[in-house]
Amino acid sequence: MAAVGRAGSFGSSSASGAANNASAELRAGGEEDDGQNLWSCILSEVSTRSRSKLPSGKSVLLLGEDGAGKTSLIGKIQGIEEYKKGRGMEYLYLNVHDEDRDDQTRCNVRILDGDLYHKGLLKFAMEANSLKDTLIMLVVDMSRPWTAMDSLQKWASVVREHIDKLKIPPEEMKEMEQKLVRDFQEYVEPGEDFPASPQRRNTSLQEDKDDSVILPLGADTLTCNLGIPVVVVCTKCDAISVLEKEHDYRDEHFDFIQSHIRRFCLQYGAALIYTSVKENKNIDLVYKYIVQKLYGFPFNVPAVVVEKDAVFIPAGWDNDKKIGILHENFQTLKAEDSFEDSIRKPPVRKFVHEKEIVAEDDQVFLMKQQSQLAKQPPTAAGRPVDASPRVPGGSPRTPNRSVTSNVASVTPIPAGSKKIDPNMKAGATSEGVLANFFNSLLSKKTGSPGGPGGVGGSPGGGSAGGTGSNLPPSAKKSGQKPVLTDVQAELDRISRKPEMVSPTSPTSPTEGEAS
């Protein structure tokens, strides 16, 4: 019994040991399984995180005319106040940050020079293996709207020509074109209650898009499919007010311009954004649209067509009917009018800049005048004054006929008589004229018929002598010189002098006879 009991006891101990060994093996196997599961979880998480990580190698290519504001636009998006413009092709970048996964990357930005001479540099910006990761941005200067359509057509043809040179396989190119068409058709206008911060696209949104009804494309939609997204950015929209004031642009002109640009965007499946770096308008909108197209962030900003200087039309929203609404406001323009004939370049106004005249110092000016006066020869202190009295109208006063008849018989002043000194003053000149007049009366010849003898010795009898003469006053001897005007003026002044001094004074005998 005891042996049995020991044996049983032994047997019992051996059985329990076997059970313990089995459980230990199970635990070891379970730990190995847990370890494998842990590593598999870590690997799957890393692989999932790598798949959800923001991709690198995305790029934006800007094309447009010189001075359109391409570098200024990217500098404003970066938040850089001072930036330097390059030549040929500039390289910049945009920081892209995913707030949900705390991940960030850089989006390459290349800006091509506005001169077509540099279009060969596109081979460094658009390669065959990276074309699907590229977004084209066509920049239009709205301060010069008459260049808008030519600029868009020119740079779009440059891109098309370069893509054709890449010789991408037809299957791959067709897949890119179909993706662009699908994105255009699957656009859904966001509601009013959209989130403010961008988030990654989730599967539920994708499933909703798959279940949504896809509408067919219009006749003029995506007729020029490049296979990559295109954005048309109109810069310097703050110049719209300047165009209204200086060039008489009206709302219908801006609607006409917008309608033509939107038709172009329909052909290429492009979005349209009006911006202003000066007024910081829609700058953040451009950045959000870029990261939505390249990195898949949902974009929840609705279209804006009411504000003429802040228009935003995402790709897939527009169609021909919506563009036709703009035509309803046309008064002088028509929808079928040519863009070049309706939006013309205004004539260039030549501004004449007058030279600024700097006033010199008074003392310097006076010294110059003094030196000029010193170089000039000494001139007369006064000039001979015309003694003939004038009426207020400025015409000489006609002397009395009686005085004229007396003067007609007076002989001219001899050549050797005293002349007026030019250096005399005005008063001295008048006295000289009077002296010459009386000297001529004293030196007259007598005895000739019709001559001075009929006048008498005094000027007062001139009237009688004039009336007693048989010859008319106009009858003169051949060779007789005309009577001096100064003598006539002096006689007229002497005859009127009593009236000017005292209106109540009695008339002189000469005036009585003359009257």
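Just so you know, glycine gets a Cβ as well, placed from its N, Cα and C.
Within the set 1-34, 35-68, 103-136, 307-340, the record from Swiss-Prot flags 1-34 under the feature region 'Disordered'. Note: the ATP site is recorded as G64, E65, D66, G67, A68, G69, K70, T71; in the same chain, G114, V139, D141, T235 also have Cβ atoms within 8 Å of that site's Cβ centroid. In sequence order, V139, D141, T235, K236, V277 are the residues of the chain that are 6 or more apart from G69 (ATP binding site) and have a CB within less than 8 Å of its CB. Within its own chain, G64 (ATP binding site) has K70, G114, L138, V139, V140, D141, S151, W155 as residues 6 or more apart in sequence whose C-beta sits under 8 angstroms from its own.
By the criterion of other Cβ atoms within 10 Å of the residue's own Cβ, the least surrounded of the binding-site residues E65, D66, G67, K70 is D66.
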